[in-house]
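Q: Got a structure for you, written out below as structure tokens; questions coming shortly.
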Amino acid sequence: MNTLSAVWTWLTTGANWAGENGVWHRLEQHVVLTFACLVISALIALPIALTLGHLGRGGALAVNLANVGRAVPTFAVLVLLLLTPIGRYGQWPTIIALVLFAIPPLLTNAYVGMREVDQDVVRAARGMGMTGMQLVWRVEVPLAFPLVLTGIRIAAVQLVATATLAALVGGGGLGRIITAGFNLASTPQVVAGAVLVAVFALLMEAAFELAQRCAPGWARGRAG
Amino acid sequence: MTAPPPDDCLARNDWICGDYLSTRRQILLDAVAQHIQLTVISVALGLLIAVPLALLARRRRWTVGPVLGITTVIYTIPSLAMFSLLLPFYGLSATLVVVGLALYSLTLLVRNLLAGLDGVPAEAKEAARGMGYGPLRQLLTVELPLAVPAAMAGLRIATVSAVALTTVGAIVGYGGLGNLIYAGMNAFFKAQVLTASVLCVIIAVVLDLLLLGAERLLTPWRRASRQARPRGRAVAGVKRLVAAPGRRT
């Protein structure tokens, strides 16, 4: 209980929220890093997934990427990138690592979503004289949308977690509060930082849950 | 006069270095041993809690919602935060890492066990009842064996994830190969970081293959049907992957 009150004291001390190492600045870094990497990885993964899904090729690649990636520790990749020449360019090792790990869930879910579109519907659309592009944008993508959204949700929650780890290799974000706490041997600060990170991750998950529940039926599909 | 520095791969700080392997052999072996120990104990602990929990959720259907809800919340918390939240309870100890990893394994295993038990065909259960099987015998000889494939899929994901996540335990000094990566980062020691990272992946792949072998041994009836229906298998592979959750970092 002693720790709990010390954590509460840390969280309610205004000085801990202000300034370069304060919570607000770290939160801002965390949010910017998460969303920037989400956008970059979506721009890379979704066009590939939609193309492969439409053509029905590269299924093994799209499906196995996530499983293979699981065996590679994120921490190891962060440190390896830091020690390469890329490491000299500030935030880039972190951004590259985050994007690399966000691509598999986006790619796999979007690909599977495209492949699971009812083939009768696709044939009907072709019979109506739709071109390839019309088929993709008017039929396949809307029907695959729930799974695409699921992929984005998984990637976003995971990016929050990976951005936390970036603190171990000197990146910014809320993880820095935890690592600084360890360096100061301050358990209250470590726990306070962890609470902030956990709340942020849960809020991200909850936001997507809410968005999927409130979305129109076609966007929810089986995923909602 | 000082002697000129030796011109070997350690002095040059190469990524790949044979001398590193020979001079740091014992350190590497100790780290690998700790890594495997932390992983195996935590997954075993997770399994030990997950099985009764899944069986309870099966018996009392109203517990399914809360069990799945709590496991989702646990799985959403990033690993660094999870280890930090456990700090007041366990201090800087190996127990902290084991408990944190066990919580993640637990969530993966409970979900897959429930999916496996739910997937047991109703005909199989009716046949067992018709043959006069009691609830316990039916569970042990019909339902659990038929749930093995889904449970093993969960166990494999949990194990591979645990191997990768153990590295984060370096923050409290118990991260197996993660300790070497952490120290290698601070010393800018490339050979150490690369060697430890590669060993992590090798451990994950070896444990995954061992579990795959165990699954084959536990489900001899699936081998025959697998050969008979190669196309159905590919579809099942895609379906299973959709059900697999995102990686935890």
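Any Cβ shown, glycine's included, is placed from N, Cα and C.
Automatic, uncurated: that is what TrEMBL annotation is.
Quick paste of what TrEMBL says about this protein:
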- A:27-208: domain 'ABC transmembrane type-1' (DOMAIN)
- A:31-53: transmembrane segment (TRANSMEM)
- A:65-86: transmembrane segment (TRANSMEM)
- A:92-114: transmembrane segment (TRANSMEM)
- A:135-154: transmembrane segment (TRANSMEM)
- A:160-178: transmembrane segment (TRANSMEM)
- A:190-208: transmembrane segment (TRANSMEM)
Q: Looking only at residues six or more beyond either end of the transmembrane segment (A:65-86), which have a C-beta under 8 A from one in the stretch?
A: 92-94, 96-97, 100-101, 103-105, 107-108, 162, 165-166, 168-171
Q: Which of A:135-154, A:160-178, A:190-208 shares the most C-beta pairs under 8 angstroms with the transmembrane segment (A:92-114)?
A: A:135-154
Q: Would you kindly list the residues that approach the transmembrane segment (A:190-208) from elsewhere in its chain, counting only those six or more residues past its ends and only Cβ-Cβ distances under 8 Å?
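A: Answer is 3, 7, 10-11, 16, 23, 27, 30, 34, 149, 152-153, 156-157, 160-161, 164, 174-178, 180-182.
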Q: Near the transmembrane segment (A:160-178), which same-chain residues lie under 8 Å Cβ to Cβ, leaving out any that are not at least 6 residues past its ends?
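A: Residues 21, 23, 26-27, 29-30, 33-34, 37, 74-75, 78-79, 82, 91, 93-94, 97-98, 101-102, 189-190, 192-194, 196-197, 200-201, 204 contact the transmembrane segment (A:160-178) from elsewhere in the chain.
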